[in-house]
Structures are given as structure tokens and as C-alpha cells.
Amino acid sequence: MGFIRDIFFYPIKFLLAFILHYEHPKAEIPQGLEQRIKVFLLHHFLNFGLGLAKVLDKAGLCYEHDVLRFLVDGIPPQKTNKLLIKNVMFNNLTVRIYQPKVPSAGLRRGIVYCHGGVGRFGSINAYERVCRYICRNSDSVVASVEYRLAPEHPFPAQFDDCLAATIHFMRTAEDYGVDPSRVIVCGDSSGGTIAATVCQALVDRTDLPKVRGQILIYPFLQAADFNLPSYQQNEDAPVLLKSRTLDFGFKYLNLDLSLIDDLLRGAHIPESLRQKYSKWLSPDNLPKEFKTRGYKSPQLAPCKEEVYALAQSFIGATFSPLLAEDAIIRQLPDSFILTCEYDVLRDDGLLYKKRLEDNGVRVTWCHLSDGFHGVLFAVDYGILSFKAGCRGIDRTVNFIKTL
């Protein structure tokens with residue numbers, strides 16, 4: 001029996017150890033999280049998936065991003081008889097339309113959904129449950145955009161596609177039973193980045209109705225400062241560790257990973273821009289309660305011109321909408337921002353909230369004190385859902401109903 005066990009189980013044990021060697025960052029499950037065991041399991045499943053993707057990539061069997069796309073797509077939901085769901089083409093873009101079957105007395109709200117996935121994975125299939133939930137519970141029409149992904153389609157193709165889809169939807173809104181003056185742009189994580197930049201790109205358009213609202217769910221909003229309190233406090237908090245954030249972002253932009261240390265030390269920002277950005281990114285702009293878990297002012301390195309030259313592609317407003325000028329910010333629509341306490345991106349959302357409010361934009365803020373990055377993604381997954389995520393998406397729906 002021992003011999004059979006050795007033949008059977010030791011190779012499996014070796015394979016698992018080999019895979020986790022490639023993706024086994026330390027992580028601390030914060031005490032403030034509910035359902036900590038479930039978070040623990042999710043974190044290690046993600047580690048295994050990322051490790052497997054890297055092993056298969058190194059072996060030349062498939063690309064890392066292809067494995068991640070397969071895993072993130074998840075389990076298809078059951079068919080529903082409550083919604084009309086169909087794929088349509090907006091010029092050359094696939095967009096999935098979700099419409100309530102119940103007739104409406106008038107035109108409905110429309111929501112353009114930009115999914116997360118750091119521009120490299122995620123899809124309309126992966127976000128099927130989220131979009132169904134929003135459509136069903138807000139009585140709105142949802143248009144989920146299947147934008148092109150990197151590395152096959154480098155940044156900013158993702159923004160370009162979502163902007164084009166939003167414009168097309170606004171121009172053809174009535175074809176889908178939508179009031180073109182009640183179109184909302186929504187996104188989570190990197191999709192929140194895209195949603196914010198789409199809204200900024202449309203503020204000066206006189207040939208279109210104004211966007212009615214923007215919904216930014218734990219968004220990435222700036223690449224100038226990776227030492228904000230949330231980056232320090234949640235450096236090892238699952239699922240989006242600080243190291244993973246930089247790794248994903250660099251691969252999205254096809255940058256040399258050896259430059260990560262320069263970004264962490266601020267060597268990509270010249271002194272003139274540091275002074276300009278400080279009024280928007282200073283930790284002094286954060287409420288005191290978000291610094292109680294610890295914050296140490298970083299020692300920044302002098303700017304390296306060669307690093308700054310590369311950085312100009314991602315500190316511009318298309319990748320870092322938090323750094324847009326006030327003339328743009330003050331024209332933005334009513335906004336909903338969701339942040340999570342145990343998320344490295346928490347302070348991006350908090351600082352954008354302040355910028356919007358300082359410029360006279362009405363903001364509804366939802367903070368999940370027991371939330372972590374990606375917590376809404378598991379909505380409608382039954383026992384795999386998180387209580388914080390369910391509260392967060394319900395608050396999102398409540399905001400939609402006010403518009």
C-alpha cells in the first residue's frame with residue numbers, strides 16, 4: 001500500500017508544490033473580514049490558478065493570459081426566463097444586452113458595463129451573473145461590452161472599445177427601450193478605470209446627451225503613488241496583493257517587470273509633477289479613520305528620466321483618471337463609488353471621491369468595512385457569494401434607481 005501511495009500521491013504533491021512555487025505570495029487574512037475561511041480558500045485557489053498559468057506558459061503549452069481567461073469565465077449560470085438576453089454588434093464590437101421581460105410604461109435607464117480583469121482577462125461571460133443581477137433588480141437595460149484584450153490588443157484598445165460602445169449605445173438607445181438621457185457608465189476594478197475615463201472623454205461632447213451617472217466599483221484610478229495608506233495596510237491582504245497589482249499592471253502595459261521597484265520608490269514622477277499631484281494624492285486628504293491601521297510616509301527616490309519617459313503612457317488621464325484636470329472633473333455626472341477596507345485600491349476611490357466633491361459633483365459613497373477587492377464578482381454564485389459583496393451590489397442597485 002505504501003508503494004502504491006508513493007507512486008500515486010508523491011507526483012501530485014510534487015506538481016502542486018512546483019505550481020505554487022510560481023505563485024505563492026504570503027498573505028494575511030485580516031481579522032476584520034467576515035467569512036475568513038472562505039476568503040482563505042479563494043486566495044489559495046487564485047494562487048493555484050496563477051501558478052498553473054505560469055507553469056503552462058513557461059512550458060510553452062499555452063499563454064498565461066489564456067489560462068486566466070478560462071478560469072475567470074467560471075461556471076455558466078442557468079438559463080433565466082425573467083430577462084431577454086442577446087448578443088448584438090455595435091459596429092465591430094460584441095455587446096450583450098440584458099432587458100427585463102416585464103413591459104415598461106416608458107423608456108428605461110441604460111447601463112454600459114465595463115468588466116474588470118486588468119485589460120487581459122474577464123469577459124461578458126465572466127460577468128453574466130453581475131449584469132443579470134443589476135438588470136433584474138434595477139429594472140434597467142444593461143449593455144455589457146466585450147472589449148478587446150491585451151496583449152493581443154495593447155492599451156488603450158480597451159478604453160477605445162468601451163468609449164465607442166457607449167457612444168453607439170447612446171445614439172441607438174431607443175432601439176433597446178432606453179432613454180438616451182438616462183445612460184449610466186459602470187465598471188469594476190480596471191473596468192472602473194475605463195468607466196471613469198469614458199465619462200471624462202464625453203464631458204465636452206455636444207453631439208450626445210450627457211452621461212447620467214458613473215458607477216466605479218473598487219476602481220484603479222492612478223499610477224503615480226503606490227505608497228498610499230491602503231497600499232501599505234493591505235500589501236499582503238488577499239486577493240489583490242500589492243505585488244500582484246503591479247505585476248498585472250505591468251503585463252497589461254507590456255512593461256519590463258524590472259521597473260517595478262522604480263515605481264514603488266516614485267522614481268517615475270519628476271519633482272514638478274509631484275508638487276502638482278500632491279494636492280490630489282496627499283494622504284492628508286483621507287479621513288483619519290483610514291490611517292489608523294498604520295501609515296509611514298515613504299522615502300521617495302529621485303526621478304529617473306528614462307523611467308519617466310515610459311511612465312507618461314500610464315500617468316495620463318486615460319490610465320490614471322484621478323489625475324485629470326479640474327476643468328474635466330467638474331463636468332462629471334452624479335457618481336457612485338464603492339470602496340473596500342481590505343483593498344490596496346481603497347484610497348484611489350476615496351481620493352477621487354474628494355476630488356469630485358471639491359468640484360461640485362454629487363457623490364454617493366459605499367464603503368464595505370469587511371470587503372476586499374473583487375468581492376462583488378461572486379454575486380449570485382450561491383454559497384460561494386460573500387455577504388459584503390451582496391450588500392455592495394444592493395447599494396449599487398439602490399443608486400441606479402435614483403437616476
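Cβ from N, Cα, C; glycine included.
Annotations in TrEMBL come from automatic prediction, not curation.
These features come from TrEMBL:
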- 111-252: domain 'Alpha/beta hydrolase fold-3' (DOMAIN)
- Ser189: active site (ACT_SITE)
- 317-375: domain 'Alpha/beta hydrolase fold-3' (DOMAIN)
- Asp343: active site (ACT_SITE)
- His373: active site (ACT_SITE)
How does the model score the domain 'Alpha/beta hydrolase fold-3' (317-375) in terms of mean pLDDT? 98
Check each residue in the chain of Ser189 (active site) that is at least six apart in sequence and keep those whose C-beta is under 8 Å from its C-beta; list them in sequence order. Gly116, Gly117, Val118, Ile217, Tyr218, Pro219, Phe220, Leu345, His373, Gly374
Check each residue in the chain of Asp343 (active site) that is at least six apart in sequence and keep those whose C-beta is under 8 Å from its C-beta; list them in sequence order. Tyr218, Ser230, Asn234, Ala237, Leu240, Gly371, Phe372, His373
DSSP assigns the residues of the domain 'Alpha/beta hydrolase fold-3' (111-252) as 58 helix, 26 strand, 58 coil
If you count Cβ atoms within 10 Å of the Cβ of His373 (active site), leaving out that atom itself, what do you get? 27
